[in-house]
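Take a look at what TrEMBL says about it:
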- CYS115, HIS130, HIS288, CYS292: Zn(2+) binding site (BINDING)
Amino acid sequence: MSSKATVRRRILERQTCSKEKDRTSQNILSKHLKKIYPIGLQRTTSSLSLSSLSLSLSQNSNDSSLTDSSIHLDQKISYAIRLITPLPPERREAPLPKSVQQQCQELGDGELRRCNWITHTSDKAYVSFHDECWGVPVYDDNRLFELLALSGMLMDYNWTEIVKRRELFREAFAGFEASTVANMGEKEISDIASDKAIMLVESRVRCIVDNAKCILKIARDFGSFSNYMWSYMNFKPTINRFRYPRNVPLRSPKAEAISKDMVKRGFRFVGPVIVYSFMQAAGLTIDHLVDCFRHGECVNLAERPWRHI
């Protein structure tokens, strides 16, 4: 064999050996990468490469989920892939028309979504109170007096027990006409306190009568009890956007200020918690949870021009 043929054979052997080493290295690297990053990349209409992957990561480097040192590299890569991989047509989300936004506030069975404290076991009277009254802005003096009296009863009962006897209270206290209640005598107070259906102790009845007298004084000084209450709110309800029941407070600085002034004016059983419950019921503050169907409806009422007369 000539020297030229020998040299050519050695060169070919070296090239073959080099290719086999490269192939082996790639297989080993691929094997280890699959163990560390088991990501399956599918072909899409967009080009996907290490450069585009790096670009996606760098363009979104202001995202806290990427800059957090506790996030592993594989999570970052997965995040970047989601950014640059187009969603199939069936998964693309279109904005909901306003006409169907209320459908998002419905449960799976078509029932309207309410505040979490309304459950399937809630009394119908309580559900009705939530759906029709609670959170609706009230401007009538008689209705405000009624809700103040009912809120005061929370010292002894819950809303369900109170609203179930609401019609009895209205009948006993003359529709909560402050001038009539303020003139009730001992016999009328005794008759109401002895009524087992109403279930109000005499001290609570006297409290309502005394508060009626205070309301008459306020009406003389401010024009109406409604004007007095709404002046604390600048004649506009406070609209809260709570998501969970735990976010709803039991009292507020505004309730504390109103309570302090009412006590000075002679009102009884008007602590900050009672006053805040009254504010919620009378729509001075709207505390329906944001996913409750009543939240939007009460907000619409609150945002209308003030309808006080």
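Cβ from N, Cα, C; glycine included.
TrEMBL labels come from automatic prediction, so no person has curated them.
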Can you list, in sequence order, the residues of the same chain other than CYS115, HIS130, HIS288, CYS292 whose CB lies within 8 Å of the CB centroid of the Zn(2+) site?
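Going along the sequence, the neighbours appear as ARG114, TRP117, ILE118, TRP134, GLY135, LEU289, PHE293, ARG294, HIS295.
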Sequence gap of 6 or more, Cβ distance under 8 Å: name the residues on the same chain that satisfy this around CYS115 (Zn(2+) binding site), in order along the sequence.
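Sequence-distant Cβ neighbours: HIS130, PRO245, HIS288, LEU289, CYS292, ARG294.
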Counting across all protein chains shown, how many other Cβ atoms sit within 10 Å of the Cβ of HIS130 (Zn(2+) binding site)?
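Within a 10 Å radius of the Cβ of HIS130 (Zn(2+) binding site) lie 20 other Cβ atoms.
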